[in-house]
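Visitor: Pasting the relevant annotations from TrEMBL:
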- 274-283: compositional bias 'Acidic residues' (COMPBIAS)
- 295-305: compositional bias 'Basic and acidic residues' (COMPBIAS)
- 91-217: domain 'TFIID subunit TAF5 NTD2' (DOMAIN)
- 270-320: region 'Disordered' (REGION)
- 354-395: repeat 'WD' (REPEAT)
- 427-468: repeat 'WD' (REPEAT)
- 469-510: repeat 'WD' (REPEAT)
- 511-552: repeat 'WD' (REPEAT)
- 553-594: repeat 'WD' (REPEAT)
- 595-629: repeat 'WD' (REPEAT)
Amino acid sequence: MMNSNGTESPPSIMEETKKPVADKRDLLVLLKLIKKYNLKQTEELLCQEANIKHDELEEVDDKEITSILGSALGDTAETTSGDTKDGPGSDPELYDAAFGDLRNFVDESLDIYKHELFMVLYPILVQIYFKLVSGGYAKSARAFVEKYGSELDYYYREDLQNLLLITKKSEMENNDWVTSMETDKFLIRMSRDAHSLFKRHIQDRKQELIADIVLKYLNFDTYEGTARSKVQCDATSGSLIGEARRQDNKIRVYYGLLKEVDFQSLTTPAPAAVEEEDDNDPDAPDKPKKKKPKKDPLFSKKSKSDPNAPSMDRIPLPELKDADKLEKLKALREASKRVSLNKDSLPSVCLYTILNSHNNVTCAEISEDSYMMAVGFTDSSIKVWSLTPSKLREMKSAEHLKDIDKDAEDVLVRMMDDRTGESARTFYGHSGPVYRCAFAPEKNMLLSCSEDTTIRLWSLHTWTCIVVFKGHLFPVWDVRFSPHGYYFASCSYDKTARLWATDSNQPLRIFTGHLSDVDCVQFHPNSNYIASGSSDRTVRLWDVLTGQLVRLMTGHKGSIYALAFSTCGRYLASGSSDHNVLVWDLSHGQLVTTLIKHTGSIHTMCFSRDGTILAVGGLDCYLTLWDFSKLSEDYISQNSNTSHNPEIDEGDHYLLRAFPTKSTPFTTLHFTRRNLLLAVGTFKS
């Protein structure tokens, strides 16, 4: 303290005694805590050294212990009644005034810039909440969100409810959402003019608090040109990370299809019919006419190499066995009899309704050749039905297999025991509900995933479990086979997707980056890429070869439950709990259109075999058919702008037909090789 002469005066008696008294009070609290945990020797030593009598400990109550410990830990002090008090930290009133000023600035901006500027409010509000909670102002933080949260877009309401569950600084430390907001930054795409207005406002009003948040936690992807409209802003907003950076979608994606194998050179079909040669030999008019083999029209067309397709050896693919070649040949012959679909020729639909098990059925899947159907149940069982008159047979015993001629063409048929044929078979092995089944392209195996965190591979010859794949830490939501076999993908509550091979019990790739459950996965038709949909409301495309993220697509307002690649491989459709289907162009990673019709979550989608029709099934008991050939033609003819603000078209005019069921939500959809649409659902009584 300074006296009137400018020299330092000695401290007063109050100042001398204030600090020791406070220190002694802290020691009493510490001793009381030591006594509570019955640490007698430590208590005696501390009492002797601090010269404290045991009678003095009775003066300290539990409320004082809680208060001093809360201050020491920098956390929110809690009273014994459970109410939260504001502690030390940043001033809530300053943050409230700063955010209110920013909101008024956005409201008063010109309409052309208002919609882009409005997008900064959500991430700034979230960061202010985090700062208030860290400073010990839990009550003020809640009041702040309740005051301004209702003014934000509807698709952030659920996030704000989850935000209010974080009430202590300690709860923020291991929270993935908090970590991602701090490290990855919330991305906002904004025109350069709107961004300049925003910066000028912060500088003119000297908003240091807002400026600090913007610098640390926001990332702006600015572009030259006109600011986006409300519809354009909403089209790509809604995810937990903001929007996708344009740089995220610059990597080239080989979305083309692999060149088909020349089956004519690999197989020896039955002797072909012959036809007479038209031209006669002028030197030998009486000579019999030569005959040449008649060309099979199935193989007459030579497939052209697609410049957008990956090379055949980009990833190692399994070699086709003779049985696989014959099956491919059979599929091609069936495809030649396929019905062409268009707006005037819609597919017939066959719905398999599962009765008396609405709360028990969790998933259903139909094999590629439409011969079998597998259904998973909550009691951890899997049931496989034959959809044709042929029975599900078991392989003969080892003794009987010795007598079979291994070189016979029908060796696989001879290996099966006709006496064991049944119309349905059941698998037991999981210890929790089964969430997805997937048939191998070769039709000899079945994959299943469960709440028990495992993936099981079952043999459809011996009808037993072959392998149990362990690696996920939490329930596994989805599993899918590669179109070329051997590889399969899975996704889980642990926020990862994984790539596996049937001959390895360890994952080949682990794809990380999602901020919430990965709810669904799907292989690209060329097997080089895997798409994943998550509860963080993003769709991501991963490169199987490198494990790298090559596409990040934002726009959904709810968890994503269904994915489907177009037959050509260029487009990806995603269905969500927001009731909408979004169609993406993988060549640029941009949104093509939004298909709006359903009033319930979308859980299954399927493209027709010729790629002209997209079928969508929802929990609203509706099946919708969309004209995808017209949709893609319109998109290409528009020569769409791949920059910041493409015109987003709501594709309700592409709807061809909507089929309602009485009370059967759709579980899965499947187009047969001849374009008959099969659907599976459970009847709700």
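Heads up, the Cβ atoms here are built off N, Cα and C, so glycines get one too.
Quick caveat, the model's predicted, so the values are computed rather than measured.
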Visitor: Pop the mean pLDDT for the repeat 'WD' (427-468) in here, whole number is fine.
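Guide: Summing pLDDT over the repeat 'WD' (427-468) and dividing by its length gives 94.
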Visitor: Sort out the residues at least 6 away from either end of the repeat 'WD' (354-395), same chain, that have Cβ-Cβ distances under 8 Å to it, and list them.
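Guide: Counting only partners 6 or more residues beyond its ends, the repeat 'WD' (354-395) has Cβ contacts under 8 Å with 327, 331, 401, 415-418, 420-439, 441, 443, 446, 448, 450, 452, 458, 460-463, 667-668, 670, 672-673, 676, 678, 680-685.
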Visitor: At a C-beta cut-off of under 8 Å, are there same-chain residues at least 6 beyond the repeat 'WD' (469-510) that contact it? List them, or none.
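Guide: Answer is 176, 317-318, 432, 435-436, 438-442, 445, 447-457, 516-523, 525-527, 530, 532, 534, 542, 544, 547.
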Visitor: Could you give the residue numbers and ranges of same-chain residues that sit at least 6 residues beyond the repeat 'WD' (595-629) on either side and whose C-beta is under 8 angstroms from one of its C-beta atoms?
Guide: 335, 338, 340-343, 346-347, 349, 558, 561-568, 571, 573, 575-577, 579-583, 650-652, 654-675, 677, 679, 681
Visitor: Sort the residues of the repeat 'WD' (553-594) into helix, strand and coil with DSSP and give the three counts.
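Guide: Taking each residue of the repeat 'WD' (553-594) in turn, the totals are 0 helix, 25 strand, 17 coil.
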Visitor: With DSSP as the yardstick, break the repeat 'WD' (427-468) down into helix, strand and coil residue counts.
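Guide: Helix, strand and coil residues of the repeat 'WD' (427-468) number 0 helix, 23 strand, 19 coil.
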Visitor: Determine which residues of the chain contact the repeat 'WD' (553-594) at the Cβ level, with the cut-off under 8 Å and only residues 6 or more beyond its ends counted.
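Guide: Sequence-distant neighbours of the repeat 'WD' (553-594): 154-155, 235-239, 241-244, 248-249, 253, 255-257, 308, 516-517, 519-526, 531-535, 537-541, 600-611, 614, 616, 618, 620, 626, 628, 631-632, 635, 640, 642, 646, 648-651, 654.
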